[in-house]
Amino acid sequence: MFATRAFAPVVRRAAPRAIRNSRGYAAPGTPGGAVPPHSAPSGAPGGGPSGGKKDNTPLIIAGGVVAAAGLYYWYKSGGKQEIQQHRVNQDIKDAYKDAKQVAKDDVSWAEGKVQQGLDRVKDAAGRAGSQAAQGVEEAKSKAAQAHADAQKGWNEAKANASQARADAEQGWNNAKANAESGWNNAKANAKANADQARADAEKGWNTAKANVQQGWEDAKANAHAGIENARTAAKQGIDNASAKAHELGDKVEDKISGARK
């Protein structure tokens, strides 16, 4: 409806001129214009087709109005939400990257702790090389325990990283599904609104064109009727004058005949 209200005044002003120009002549008195072909005989000044330039301004304005209406309805029908959804998607991507980096850092930290434990075990074993077998067994036991603890920490870190990744992927999939649904709805609404605006514009244009055509046909009919009326009146005047002339001639002849007698 926005496009119809904005476009209707332009159509009412420009359609008659555009239709006349499309037939090869403009209104009498306009630059490059001539009177319609039937208003003067062939070869007479102003008769026949003229060089009136075709005016495409209404079509250009209509295209601009339809394009502006489409952009406006896109923004009002979901374009703003689409922009916001794009920002949300970017935030989700950043959060996913941060989660991956945190998991990687946790794994690296766990590996470092394991290596530190192994290094300490090696140092302790080196220092206890001269001790009894019991000390060696104790060192082995501690090393095994440290390794088990490190392995447990490693497994927990991997599990946490996997869970974080799964959560991030689930959030990303949900956000993507919502964005696609919103985008499809926005496209459908924008297309429906654009189709309605185009239909309204075409309806207004066709109505204006039909009104101009009807006015032109009425003007031609009135002109022909006026010509016929003038011809009839002229013929009647000639007939009346001829009758009076005959009557006067009869009177003159009667007078001449009376004078001869």
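Note: Cβ is positioned from N, Cα and C throughout, glycine not excepted.
Source: prediction; values computed, not measured.
The stretch that TrEMBL tags with region 'Disordered', taken from the ranges 117-145, 146-174, is 146-174. When TrEMBL is compared with the stretches 187-207, 208-228, the one noted as region 'Disordered' is 187-207.
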